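> Pasting in a structure now, in structure tokens, and then I'll have a few things to ask.
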Amino acid sequence: MKIIADENMPYVDALFGYLGKIEYVNGRTLTPKQVEDADVLLVRSVTKVNAELIKDAHKLKFVGSATIGTDHVDVDYLSLRNIYFTNAPGCNATAVGEYAFIAMLELAQRFGESLAGKVVGIVGAGNTGTAAAKCMQAYGLKVLLCDPIKALQGDTREFVSLDTIIEQADIISLHVPITKDGEHKTWYLFDEARLNKLKPNTWLLNCCRGEVIDNRALIKFKQQRDDVKLVLDVWEGEPNPMAELVALAEFATPHIAGYSLEGKARGTFMLYQKWCELLDFPVKKSLESLLPTFQFNQIVSQGDLTESQLLKLSRLVYDLRDDDVNFRGCFSTATGFDLMRKKHTYRREYSAISLTQSVDYLSDGKIDPSMLSALGFN
């Protein structure tokens, strides 16, 4: 059995190696010739899986995408060809939620503000939006959720309109899939008109798809409204973001919000589970066996934690400042953008850290130990 796998997908050999011969490829430049004799195709979001790519892949039985989204895959065509498809919904949700929360802690410190007491609007209440909301709520922040699709589907959570979020939220974090049609399309959801409605000093984070915001309109807006702070992980035209916009963002990264070791491992593992299920093979591997021991796996708390100390603790698993600096130095070429994503292998999630001494909650801005547990620390 021949398995074609994206070279940036981790743990493929550990999980699929005993099932067949693995050939690693550049997912962004994958050609029909490379997949024509494949039995299994494992991809990420950079690969467009459609008729053009797999028209000659007559042996292909399984396509797995280690992503939460499916907009890069022609699922109807795969169904027509009777090719089994699966993705990995929720695999990186925790990583994205923690990225958004850590970014907010970083903004608060940079601009001498407290995150506590702010109102956060989450646009998109799927897996990543829910994970982000969980972090914010664990920290005691008021969270407003906007997701008209979920509301129509009968989700019982309380939802508000996007206009309400724009009017009331101090921070807006975007977590929607990209859709170009329909009443609730998300392509250019934040266009020039909507950007101009943002209240003073809003923090705007985009952790989903670059085209959810009109990037050219955002450049014009930010040049006039520097009070609005931007954290951008996704860009129109990836892997070639607009240089003007990178310069204007407070924090800029190359579509790696979901790139924790845990999230990457979970994505590949979910595909492995599905493939074993499809073939009626036993699942011989475990997710836990893939992850290395974290160098700071046990932390002793010396007392109460302030917000600033929580940020320092967060930087042990992920220091956003490093990625921001590195990205600004390499984003100018598509090769640099993708190379940084490929080399992004060090980030962990809060769960990698165990706190071994409880802390007391005080009313002077210090952190409740149950809050740390709810954030994901052990």
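The backbone N, Cα and C atoms fix where each Cβ goes, and this holds for glycine too.
Straight from Swiss-Prot, here's the annotation block:
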type     : residues         : note
ACT_SITE : R209             : active site
ACT_SITE : E238             : active site
ACT_SITE : H255             : active site, proton donor
BINDING  : S45, T67, Y259   : substrate binding site
BINDING  : D147, D233, G258 : NAD(+) binding site
> Which of the recorded positions T67, H255, Y259 has its Cα nearest to the Cα of R209 (active site)?
H255
> For G258 (NAD(+) binding site), which of the recorded positions S45, T67, E238 has the nearest Cα in space?
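Nearest listed residue in space: T67.
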> Looking only at D147, D233, E238, the recorded positions on record, which one has the least crowded Cβ, with the fewest other Cβ atoms within 10 Å?
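Among the recorded positions D147, D233, E238, the sparsest Cβ neighbourhood within 10 Å belongs to E238.
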> Using a 10 Å cut-off between Cα atoms, which of these recorded positions sit near D233 (NAD(+) binding site): T67, H255, Y259?
H255
> Have a look around R209 (active site) and count the other CB atoms within 10 A of its CB, chains all included.
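Result for R209 (active site): 24 neighbouring Cβ atoms inside 10 Å.
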> Taking Cα atoms as reference points, which of the recorded positions S45, T67, D147, H255, Y259 is nearest to E238 (active site)?
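Comparing Cα positions, the closest of these recorded positions turns out to be H255.
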> Using a 10 Å cut-off, grab the number of neighbouring Cβ atoms around the Cβ of H255 (active site, proton donor), all chains included.
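I count 24 other Cβ atoms within 10 Å of it.
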> Max Cα distance spanning D147, D233, G258 (NAD(+) binders), Å?
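Across D147, D233, G258, the two farthest Cα atoms sit 21 Å apart.
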> Between the Cα atoms of S45 (substrate binding site) and H255 (active site, proton donor), what distance do you get, rounded to the nearest Å?
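On Cα coordinates alone, these residues lie 11 Å apart.
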> Just to be sure I understand the packing, how many Cβ atoms besides its own are within 10 Å of the Cβ of Y259 (substrate binding site)?
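So the Cβ neighbour count for Y259 (substrate binding site) comes to 23.
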> Could you name the residues, excluding S45, T67, Y259, of the same chain that surround the substrate site, i.e. Cβ within 8 Å of the Cβ centre of those residues, in sequence order?
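Apart from S45, T67, Y259, the close residues are R44, A66, I68, G69, N92, H255, G258, G267.
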